[in-house]
Amino acid sequence: MRAIGVIRNSRRERLSRAEFEELLRSAGYEVLAIVEQNREEHPRYNIGPGKLEELKELVKELKPDKVIFANRLTPSQAYNLWKELRIEIMDRWQLVLEIFEKRAHSKEAKLQVELASLQYEIPLVKEAIRRIRLGDRAGFKGMGEYQTQQYLKHIRYRMGKIRDELERVKADREVKRKKRENAGFVLVALAGYTNAGKSTLLNALADENVEAKNQMFTTLDTTTRRFRLGTKRILATDTVGFIDGLPPFIVEAFHSTLEEIVKADIVLLVLDSSEPWGEIRRKFLASLQVLRELKALEKPIIVALNKIDLIEEADAEEKVRLIWELARERGISLEDVVKISAREGRLEELMDALNRVVLKLPKYGAFRIIVKEPEKVPAVMALINSVGEVLSVEYGEKTRIDAYVQTGMVGEIKKMGAEIERLNHSGEGEELEQDEGYSDGG
Ligand SMILES: Nc1nc2c(ncn2[C@@H]2O[C@H](COP(=O)(O)OP(=O)(O)OP(=O)(O)O)[C@@H](O)[C@H]2O)c(=O)[nH]1
Ligand SMILES: [Mg+2]
């Protein structure tokens, strides 16, 4: 497919030409030309009427299959442009959806993409109906009024069906997540701009292969891998990449995927450190915006500056500093900012940070565990080690173990015949209250 791209920049909206070209390439277009304009939005055509004439000439000359805007078009602008140019018009979000469509593998991802596309079509179809009633001949994609009406009905029906199916998939996922959580796993979600290196990082962490490619939106399905962090069991989930101003309809459609972020104990926000600071800043803010929409900003967030193998040490340090500064400016609290190279497996800083943050999670607490029968000590130690961390042990008539333990496992430890009490900050034991919020295991 051959396309002409159009970018209109204004004071309010600055779009990256490189990113737009990258999107076009990812969608598989041959780019014949890019038309750029700096002006405020024209209500009728988005670009100005003079630019439209220029575009018309270019379409005549180059005969592309489509004209694709880097901007978001209103339904009426899309319609007006189509009327003037008589060629398929797409905007930024249709382009993103087209890429998503290509990449979706799982049934869930396919359904989510379809839902988003249908949702996007509704206002366009409605606009076509309105125009027909005003006397325009051609309706949506050349359909007449009756057909267009039927088509709208069909869209709504299909959307209902998809939502039902997605509900079922979601329920299924919920059950799995509960199981994992009960098994003592800590859930870490990898989030971040598309192409930051999330899948590569997941591979490096778990030593398994998830498709990672130098193109945008490689991952649309969530992939979950387990790994061990010392004694702690972690489940890390890869998610669909973010992009500037990910529109609400896409966030909505991909909610069950992005929900892995909502349900995570820790969010690992991955950034590509090899880009200029302006780009990192833009992508960092866009990512924070999505996290805000997901109400995930309250979670512990670790920023991982990835691809440090491509830059100088001093440059990396400077970018770490700038991230801290920007977060502070925006009133966002981060747990840590670490430098990593997912490709080269340089993950030490990240591992340290994770270790620290995991033990601060509400699901962990410091406990004193007393085991009276010596023969039970090894089993109790093994259980603690599988979900927590031993701080100190004192052997004697009774064995006293101070440890970080997941509060959900307290019941399990009691069942083994051990006494357990929560440690307060001064390291003194406190009687356990039954209503402290942990379940009794079983
Ligand atoms: N040099 C270098 N390249 C990296 C590193 N991590 C990832 N990459 C490359 O960056 C590109 C994107 O990596 P992915 O892991 O697919 O990125 P992603 O964030 O999962 O992308 P989407 O799934 O599209 O959101 C690939 O070409 C990777 O090989 C790194 O630490 N160093
Ligand atoms: Mg990926």
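Cβ atoms here come from the backbone N, Cα and C positions, even for glycine.
Under the DSSP three-state reduction, S341 (GTP binding site) is assigned to strand. Within 10 Å of the C-beta of S341 (GTP binding site) there are 21 other C-beta atoms, taking all protein chains into account. According to Swiss-Prot, the feature GTP binding site maps to 192-199, 217-221, 238-241, 306-309, 341-343.
Within 10 Å of the C-beta atom of S199 (Mg(2+) binding site) sit 23 other C-beta atoms, taking all shown protein chains into account. The Mg(2+) binding site annotation in Swiss-Prot covers S199, T219 and is backed by sequence analysis.
The annotation domain 'Hflx-type G' is assigned in Swiss-Prot to 186-362.
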Under 6 Å from ligand 2 by C-beta, which of these binding-site residues make it: G192, V240, S341? Sequence order, please. none
I'd like the Cβ neighbour count for G192 (GTP binding site), meaning other Cβ atoms within 10 Å of its Cβ, all protein chains included. 27
Neighbour count check, CB within 10 A, over binding-site residues K198, K307; minimum at K307
